[in-house]
């Protein structure tokens, strides 16, 4: 809270003296501590080119509100949005108690299951989240599936406010024939497979092909391309799962096409990811010069960050590299390329029987793509990964949901038409931005919640039991919550297993095994 002066911290001054001093225009705060098809082809349409305590002070005028109980806040989802929302509420409101509910027995959401294994520096935010989870006024309750084990309405009855922060767990469909063929995967599932998401461990992708096509050109697409092409010795030092590591070690993928329907100026990745791709050991770029016609002239009118990104792309694609880079590329055994102005039309599975003795019977996927002139282009490949975006889903029928935008309708995080219900993260805005974007998004939602508490929009006059009223429901339904101390047992086992083989951790891959560790 912002005020002119911080006069004291504690509860030793009487309420009458507080009010007298407030009436004199002073602002102060109190502080209270509480405790299988082997081949495919995909058909594209090439599109037209895109160029371009109990006391809370509201303000310095001496307005104040009193509540008879500590605010109890429930947050659904323990990814970045959930933890950042919790952190801001706890920090700003010294009497607030926050409970974080999570469907899985383990916390951290996409930081654990979405961030690429070779980006450990991004995962350092887990240290901050751990501090929040271990705060005396914060509790973590894993292994609770909100919407199934307990309803949102039941949570609303138990808490003064509920914040939905469960992210975007589904993937957007391409909407073309053949996208459900074996060998066509969503990036969400593929990333979940190599990152240890329990629901994705039966994916078992066939990597015996030479060419893979990734549809989409954002950071996730580049993560997937990098994992497919990285030297195995690099991946062995990460927390990638052992089954994924073994599959990638046997992989025959030597060429990855990263395909988008728009042009180079509209590429969705960040410059950091592109730089990594350009310098990936053992690989070289191969791009179509025609895709970059007219781009240099168009760059004059684009914002500087976009200009820098496109210039790096142009340099990587078209410029003659220096001797050192030429030597590096000449030794590369794997190839990657961006391809632009192509829209997928259909995925076709066609079986060919080799006529030469050294050829086996294969089934090829072909990606059919429509080109600038309306012609169709067939791209033979053995693996297709759709990375065209995530989307949120509805977990409880009592929650308003915009199925077209795949978000919960809200104004500054306040769920429309439902008092005391809020949302943050991708459920609030859609799947955009990086972790820092989610942080700001979540802080904004927390501010809305805190403002509503201060103004009385969130009624704090009646006490709420919080988790104490939920635990009885869970017992009746046979649900055993996992506490943060239980997660620390899982964490200890994973890091110990990882250390034994030179990795930061070896993730436990099933919910059943996680619970076995907890209850051992």
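Each residue, glycine too, has its Cβ placed from N, Cα and C.
Please treat TrEMBL annotations as automatic predictions, because they have not gone through curation.
Marked as domain 'FAD/NAD(P)-binding' by TrEMBL: 72-228.
Annotation note: residue 435 (FAD binding site) sits in a helical segment as assigned by DSSP. When other Cβ atoms within 10 Å of the Cβ of residue 435 (FAD binding site) are tallied across all protein chains shown, the result is 17. Annotation comment: TrEMBL describes 81, 102, 110, 146, 426, 433, 434, 435 as FAD binding site.
Annotation comment: TrEMBL describes 217, 218, 219, 220, 261, 262, 273, 433 as NADP(+) binding site. Under the DSSP three-state reduction, residue 217 (NADP(+) binding site) is assigned to coil, being neither helix nor strand.
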Rank the binding-site residues 102, 273 by the number of other Cβ atoms within 10 Å of each Cβ, and give the residue at the low end. 273
Round to the nearest Å and give the CA-to-CA distance linking residue 220 (NADP(+) binding site) with residue 102 (FAD binding site). 24
Based on DSSP, name the secondary structure state of residue 426 (FAD binding site): helix, strand or coil. helix
Fewest other C-beta atoms within 10 angstroms of its own C-beta: which of the binding-site residues 81, 110, 220, 434 fits that? 434
Nearest by CA distance to residue 146 (FAD binding site): which of the binding-site residues is it, out of 218, 261, 273? 218
Taking all protein chains shown into account, the Cβ-based neighbour count within 10 Å for residue 261 (NADP(+) binding site) is 21
